[in-house]
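**Q** This is the structure, below, for whatever I ask next.
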Amino acid sequence: VSPCSEFLQMLHGTECLGQLAFFGVQYSLVTFLTTQLRQGNAEAARNFSMWQGTCYIGPLAGAIVADSCLGRYRTILAFFSIYIIGMGTMALSGASPAVISRSTQPAVFSLGLYLMAIGAGCIKSCVGPFGADQFDGGDAMERPKKSSYFNWFYFAMYVGALVSGSAVVWLQDNFGWLLGFGVPALCTVLAMASFLLGSAMYRYHQPRGSPVVRACQVVVAAVRKRNVVLPHDGFVLYDGPAEEGRRMAHTDQFRFLDKAAVAVAVPSSAAAQPWRLCTVTQVEELKAIVRMLPVWATGIVYCMVLVQQPLFPVQGRAMRRRLGVAFAVPAASLNSVYAAAMLVLVPLYDAAVVPAARRLTGSERGLTELQRIGAGMALSVAAMAAAATVEGRRLAAAGEVSIAWQVPQYVLLGASAVLAHIGQLEFFYNQAPDSMRSLCSALGHMTCSLGSYLSSVVVTVVSHATARGGSPGWIADDIDDGHLDRFFWLVAGLSSINLVVFICCAKRYKYKDSIH
């Protein structure tokens, strides 16, 4: 039975509401830390990076749990419950002092913040692939719908981000944090309800065992047989029974790993010795992961650039925000420009960029995944350069610069994410072995986690290196006393170096279909 539009809309609704709650926290977290918990800008930036790192390391845990034992459906339900508890705890921390004392507020807020990080993070690697599970890749009628599903899935995510960057931020600025976190908490409840409504119609796939264990078996078996001489002919390597559709052909890269498939005992005993003899398919699965690692590593530095976005509202609060007489633009509301740019650029990419690229390259895909990622990385350099330029102008004008000058940096960063971030997720999905797509998708999300941790390290080093001799440093509590422009230029420089490294890696990468 072909998946019907009603329960696909439920999945899109689940993603939209879930991301509305997530971005409702992300867009205002630095503001809450600095205004309610009285943290300095540098400390708040480090805490934001640590929190976001936890959010994006969760997908790896979620993928392992789903593939190993629970399956995607039950994993989503389990971690949605944790997500809801975390959001409710955060809403409680925003209540008045009559309800929660100021001494306990930081602890309650931190508990809720990290519960929601674990819940939201572990869901990330499951909701998208679970929706894709509803389509039969062998059905000519369903294949185009599967591609369309991913487009609208990301579109739904950006709708949630847009509402958070405008309406939710406005609620937080004008009605306080109890309502400002309470509305996102309610959205997580509605998101779970939307997901449950389709339970009777979903297609369910049973977990097939942990791909991490399979990869570890290859490494252990290859090390144990490190002194074994490899045969010249790859056809004599052990290639025992493989699940339907999962058998992979042998390749000549990373020959050392082939030793895991050299039979030094009777092949019939292989099933009882998985840590001594592995199939060619197992070895090739691990090789596919190893081939992607250099590209994956450059994604960490790229995500370090993306997580600088919370510093934009800090910059915006020190600019002229009043429009007319009565209305002052909340600095965090410009995050909606970032989300709106994505909403416009996602369909624009399919409608205009891909056809134009097809004419130029002659490729059916238009841009390859790596070309798309490279273009996004280049735009991230431009975004940070724009932020640095605006900050330099703001400092020179003593803050009398309109907040509207921040729009280009938000648009450039949004365009960068449409190209590079979605390109990364597409790359890890398409280049992964069929049995490891959840794990590889989680690795794609994990670049955001490690990028956040890297950002925390960079902020700490910059703060210590520049705050000497009585100087407040580049990232000062009062940014009028600091030099945020120099920090943005530093990030732009690091991103430029990363782009050069990525180009070198991309030129050497061999796509899965081109390896023999």
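Here the Cβ of each residue, glycine as well, is placed from N, Cα and C on the backbone.
Straight from TrEMBL, here's the annotation block:
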type     : residues : note
TRANSMEM : 76-95    : transmembrane segment
TRANSMEM : 107-131  : transmembrane segment
TRANSMEM : 152-171  : transmembrane segment
TRANSMEM : 177-198  : transmembrane segment
TRANSMEM : 293-312  : transmembrane segment
TRANSMEM : 324-349  : transmembrane segment
TRANSMEM : 370-390  : transmembrane segment
TRANSMEM : 410-429  : transmembrane segment
TRANSMEM : 450-467  : transmembrane segment
TRANSMEM : 487-506  : transmembrane segment
**Q** Sequence gap of 6 or more, Cβ distance under 8 Å, 3 or more pairs: do the transmembrane segment (76-95) and the transmembrane segment (177-198) meet that?
**A** yes
**Q** What residues in the same chain, six or more past the boundaries of the transmembrane segment (152-171), come closer than 8 Å to it by Cβ-Cβ distance?
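**A** Answer is 11-13, 15-24, 26-28, 128, 131, 179-180, 183-184, 330, 332-340, 342-343, 346-347, 422.
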**Q** Go through the chain and flag residues at least 6 beyond the ends of the transmembrane segment (450-467) whose CB is under 8 A from any CB in it; none is fine as an answer.
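**A** That would be 42, 45-46, 48-53, 55-57, 299-308, 473-475, 483, 487, 490-491, 494.
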**Q** Checking distant contacts: for the transmembrane segment (177-198), what same-chain residues at least six beyond its ends satisfy Cβ-Cβ under 8 A?
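**A** That would be 6-7, 10-11, 13-18, 20-22, 24-25, 28, 32, 36, 76-77, 80-81, 83-84, 87-88, 90-91, 93-96, 164, 168, 171.
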**Q** So, taking each listed stretch (293-312, 370-390, 410-429) in turn and counting its Cβ pairs to the transmembrane segment (487-506) that are under 8 angstroms, which one gives the highest count?
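**A** By Cβ pairs under 8 Å, 370-390 leads among 293-312, 370-390, 410-429.
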**Q** Let me spell it out: take the transmembrane segment (410-429), skip the flanking residues so only those 6+ beyond its ends count, and list any with a Cβ under 8 Å from a Cβ in it.
**A** 154, 292, 295-296, 299, 302, 305-306, 309, 312, 334-335, 337-342, 345-346, 349, 369-370, 372-377, 379-380, 382-383, 386, 437, 440-441, 443-445, 447
